[in-house]
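Asker: As listed in TrEMBL for this protein:
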type	residues	note
BINDING	B:R101, B:R145, B:L146, B:G147, B:T148	phosphate binding site
BINDING	B:Q227, B:R229	substrate binding site
DOMAIN	B:60-314	domain 'Nucleoside phosphorylase'
There are 2 protein chains.
Amino acid sequence: MSGEQTNPVITEQHPDQFLIQKGKLKLSNPHIQPGQEDVLYHIALGNKSHNLQSLFQDIKFVCMGGSPNRMRQFADYLVSELHINLPSGMGLTNIACGSDRYVLYKVGPVLSVSHGMGVPSLSIIFHEIVKLLHHAGCSDVTFFRLGTSGGLGIEPGSLVITEEAVDGLLRPYMEMATLGRLVQYPSRLDPDLARELQKLALTDPECHCHSTYLSKTMCTLDFYEGQARLDGAFCDYQAEDKMTFLKKVHSSGVANIEMESLCFASYCHRAGIRGAVVCVTLLDRLEGDQITTPHNILEEWQQRPQKLVASYIKLCLNGKNFSSKSS
Amino acid sequence: MSGEQTNPVITEQHPDQFLIQKGKLKLSNPHIQPGQEDVLYHIALGNKSHNLQSLFQDIKFVCMGGSPNRMRQFADYLVSELHINLPSGMGLTNIACGSDRYVLYKVGPVLSVSHGMGVPSLSIIFHEIVKLLHHAGCSDVTFFRLGTSGGLGIEPGSLVITEEAVDGLLRPYMEMATLGRLVQYPSRLDPDLARELQKLALTDPECHCHSTYLSKTMCTLDFYEGQARLDGAFCDYQAEDKMTFLKKVHSSGVANIEMESLCFASYCHRAGIRGAVVCVTLLDRLEGDQITTPHNILEEWQQRPQKLVASYIKLCLNGKNFSSKSS
């Protein structure tokens, strides 16, 4: 059987309006009915095996990042920043420890979750976290992705807040094969939330990052050839082809390149969830491919998205929620 | 900027011949030169920081699987099966422990490596492992993916050895955006190796699996909608649309569905590496979507690809290498 027989149909979905769900998080899936068993396989939780409502009903923020260690570190940081009093002799525990695919920590109203690397890995955990929040009866939840990326023409260590994610062909949507057809989902993120985060980064001394950009982010399915690197196991192009492409990407308004924003943005959009992607840049891709910066400096840079998002969450919890009057 | 401006060009590469490199593994990348520093960022190794030749020169088999715990378990199993004598007081250690993205264990001539979930995650580790083997001066290396999957019309717990991977549109190649163009790489696996594994599975009592199929495998970018499930956070189709699609996939010669074979197969093909994908099926997708089989049974099933691949490696190391006279 060849691909020609499948006759793929492109379905475009480009609503102009960004619709945010108010109140309880509702699933866009009529097949999931109350009372029916739902096993969240990759995090080893379920609506019959666990009391998801009592465990998670108070969640207001979901923070995702690629690395399990970094999301543990973020959870520890939140314990201190949000002044959470852990019961004597208690520590944080990975709630998804029945599986080794992802880690999941709860710190007050915040979930800190790892998503692994790449769109498919993020897709799985996004589906399961949204179902978890639905079963728990959560409302008004905001999602963040805290990531690392390669920058384009900006100083390494800068923060980039994504306005819109584009794919490797610079298209502003995620294309997914569903039932043998290609379907496209727009990948715009909440513009108010992005601006609020930028304003906070530029004004709050705790964020320690005055190089903060609001821009497009390119999301690729591969770290090496997909991002025009010359240092993969395969490379069929020349250094000048790479530079021509990266400059074209840069001039189209893209400030950084990573591997998950397209799915995160399009799923937030589909679910009507307020979402933001905040990434630090680990190098300037117009200057090179390899990440050779010393470990301790990379560590400090990787804390920058964490500091910004933690500051934002603190403001919201203290009642200074920017969302009523956006800048 | 819209996608229309990028004007993607489809480049087809469908060589009829399956070319296996003899002798030392050579990179298809003229930019990586001897003596130049190469940081393998996601496994925290490098050709300057580590003596890769002394560490890895004897590697003949690379075994990859999604879950870090399962690849640790496989490494422990190989210690016993290959009668490796660990020095007194010593145990296996994760060689990639400087990063938390993947795990990497060495057991004699075998590397046991986790690849995470999905094509992009596998892509990164494949690039870095091929570069590692190149720097180490390895030759005649065979790659295996040991995975889990959803079956189509076959008993759960069956083994499927992939002849060819197809994408969500049933196309027998991986399509990747490189420098703003879509490039297609054929995803056929070594037919001799696949037949040798099937023969072994059907004759070796240690493999404990007489339900072993040689067939196409569908590889998707998403676990829920991409695999026509009704139990994701989103679902825009009906139960009958799902069944029509799955039956069409099944009738095209696909016996199982997973999320990595397309990249694994096409990269093996590009690199001239003998490679095989061996997956166990955890459910029959024509019967349902949720994985509700008890944990201990799933555990036993997940050992089946390990037992088959370990048996194959033992035969090769004992000089009974099927590859000279394939069945």
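Glycine is treated like the rest: Cβ placed from N, Cα and C.
What does the local environment look like for each feature on the list?
Answerer: In sequence order, B:C63, B:M64, B:G65, B:H115, B:L122, B:E260, B:S261, B:F264, B:G275, B:A276, B:V277, B:V278, B:C279 constitute the residues six or more apart from B:R145 (phosphate binding site) in its chain with CB-CB distances below 8 Å.
Under 8 Å, Cβ to Cβ, and six or more positions away along its own chain, B:R229 (substrate binding site) finds B:F223, B:C235, B:K242, B:D289.
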Asker: Could you state the CA-to-CA distance between B:R101 (phosphate binding site) and B:Q227 (substrate binding site) to the nearest Å?
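Answerer: Roughly 25 Å, rounded to the nearest whole number.
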Asker: Check each of B:R145, B:T148, B:Q227 (the binding-site residues) against chain A and write down, in sequence order, those whose C-beta lies under 8 A from a C-beta there; write 'none' if there are none.
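Answerer: Correct list: none.
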Asker: Write out the long-range same-chain contacts of B:L146 (phosphate binding site), meaning residues 6 or more apart in sequence whose Cβ is under 8 Å from its Cβ.
Answerer: B:C63, B:M64, B:G65, B:R70, B:F74, B:V278, B:C279, B:P305, B:Q306, B:V309
Asker: If you count the C-beta atoms lying within 10 Å of each candidate's C-beta, which of the binding-site residues B:T148, B:Q227 ends up with the smallest number?
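Answerer: Comparing Cβ neighbours within 10 Å for the binding-site residues B:T148, B:Q227, B:T148 has the fewest.
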Asker: Work out how many Å separate B:T148 (phosphate binding site) and B:Q227 (substrate binding site) at their Cα atoms, rounded off.
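Answerer: Taking the Cα atoms only, B:T148 (phosphate binding site) lies 14 Å from B:Q227 (substrate binding site).
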Asker: Take the Cβ of B:R101 (phosphate binding site) and count every other Cβ within 10 Å, whichever protein chain it belongs to.
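Answerer: So the Cβ neighbour count for B:R101 (phosphate binding site) comes to 22.
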Asker: Return the residues near B:G147 (phosphate binding site), defined as same-chain residues 6+ apart in sequence whose C-beta is under 8 angstroms from its C-beta, sorted by sequence, else 'none'.
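Answerer: In sequence order, B:G65, B:G66, B:E258, B:E260, B:S261, B:V277, B:V278, B:C279, B:V280, B:P305 meet the Cβ cut-off.
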